[in-house]
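**Student:** A single structure is presented below for examination.
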Amino acid sequence: DIHTTAVAGVGVRKDVTRLTVSETENLREALRRIKADNGSDGFQSIASFHGSPPGCEHENHSVACCIHGMANFPQWHRLYVKQWEDALTAQGAKIGIPYWDWTTAFTELPALVTEEVDNPFHHGTIYNGEITTRAPRDKLFNDPEFGKESFFYRQVLLALEQTDYCDFEVQYEISHNAIHSWTGGQSPYGMSTLEYTAYDPLFLLHHSNVDRQFAIWQALQKFRGLPYNSANCAIQLLHQPMRPFSDADNVNPVTRTNSRARDVFNYDRLNYQYDDLNFHGLSISELNDVLERRKEKARIFAEFLLHGIGASADVTFDLCDSHDHCEFAGTFAILGGPLEHPWAFDRLFKYDVTDVFSKLHLRPDSEYHFNIHIVSVNGTELDSHLIRSPTVQFVPGVKDYYEK
């Protein structure tokens, strides 16, 4: 069942901006208790699921267990938020993990994580004694494309537009990366690092929202009459147990017995729900209309075949005409690091470059090239050849959606 009605209570995830004072204090007290718990359901143990210290292996090398760049990314993180949520509930939390809807334009991070006095959500302590910090980048608060809607809103709309699960997954995951990169910035112990991101409690709000976007896409798929609790791609991968949830020493029986990605498309099995599945005030049917209207206009996409580069990095790219007159074309982020599990997408990440083609008076069959700039989160410029130059696809507009 896809939930659309407003609800509240244990296992219900609310918009972080709608939390009551008592709900806020209840969550903070539960997190305080988790931080004081040195056992298998405590802060250090669950935070380590994602990154460092590495708990998984690949070709005889220790790697982080978190899954990125693969079709089971949504489900691994769906289970991970559930792991945190059940630990909070066991420590007295009366609601689920709230979500931070970063697709709505914002000028500051949620108060739940920024208030400094007696606030366990402000930062986390890492096993090595370091404290998580945040160094937000300017483009987190100011649209780098200067668009009519927020940068993140446009990126997620393109993800929600996809009707194939694996196409959706690529757009969805890369959109989520930018929040990691742009909230953590150059902090060596924070959201922009694969190894330490889960030690920052902001991670919980971010990934509650990321999972909600997955739930909204599933509701859209159901409305479209398309598969929403299964996929017709990456079949073998979606049948594989995901560690560390499948490990015998996982103390959470729900995540342990539902450790395959195919098991948790249907999140009713995990006993949580969202207060609603509206997107910017739109019902699922209204959202579908918005997505269909976007298809009426012809569009041009730069399409990247992405893979791991062993680092977290910001990517910007320019479009240049035959006279080397260049204009900023777009930006996205990669989440990775020395402990990453090797990954490579087999689907293209699409980026709408219609406006910049128009600005340079170019057509898809004109003479042009792209310049790619890759900067790691520590500020080091990386070799631009780490990412292959994108191909370009012209998608004709569909004019007859509303014609009777």
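Any Cβ shown, glycine's included, is placed from N, Cα and C.
Note that this is a predicted model, so its numbers are computed, not measured.
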**Student:** To which of HIS77, HIS122 does Swiss-Prot also attribute binding of Cu cation A at the site defined by HIS50, HIS61?
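**Tutor:** Given HIS50, HIS61 bind Cu cation A in Swiss-Prot, the matching entry from HIS77, HIS122 is HIS77.
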**Student:** Considering the candidates CYS65, CYS66, which is the cysteine that Swiss-Prot reports in a disulfide bond with CYS56?
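**Tutor:** As annotated by Swiss-Prot, the paired cysteine is CYS65.
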**Student:** Just to verify a number: CA distance, HIS77 (Cu cation A binding site) to HIS207 (Cu cation B binding site), in angstrom, no decimals.
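**Tutor:** On Cα coordinates alone, these residues lie 7 Å apart.
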**Student:** Would you kindly give the Cα-Cα distance separating ASN378 (N-linked glycosylation site) and HIS180 (Cu cation B binding site), rounded to the nearest Å?
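**Tutor:** About 14 Å separates the two Cα atoms.
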**Student:** Applying the rule Cβ within 8 Å of the centroid of the Cβ atoms of HIS176, HIS180, HIS207, what extra residues of the same chain belong around the Cu cation B site?
**Tutor:** HIS77, ASN177, ILE179, THR197, PHE203, HIS206, VAL210, LEU335
**Student:** So which recorded positions out of CYS166, HIS207, CYS320, CYS326 end up within 10 angstroms of HIS50 (Cu cation A binding site), measuring C-alpha to C-alpha?
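**Tutor:** So the list is empty; none.
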**Student:** Could you say whether, by DSSP, CYS166 (disulfide bond) belongs to a helix, a strand or a coil region?
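**Tutor:** DSSP call for CYS166 (disulfide bond): helix.
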**Student:** Among all the protein chains here, how many other CB atoms are within 10 A of the CB of HIS61 (Cu cation A binding site)?
**Tutor:** 11
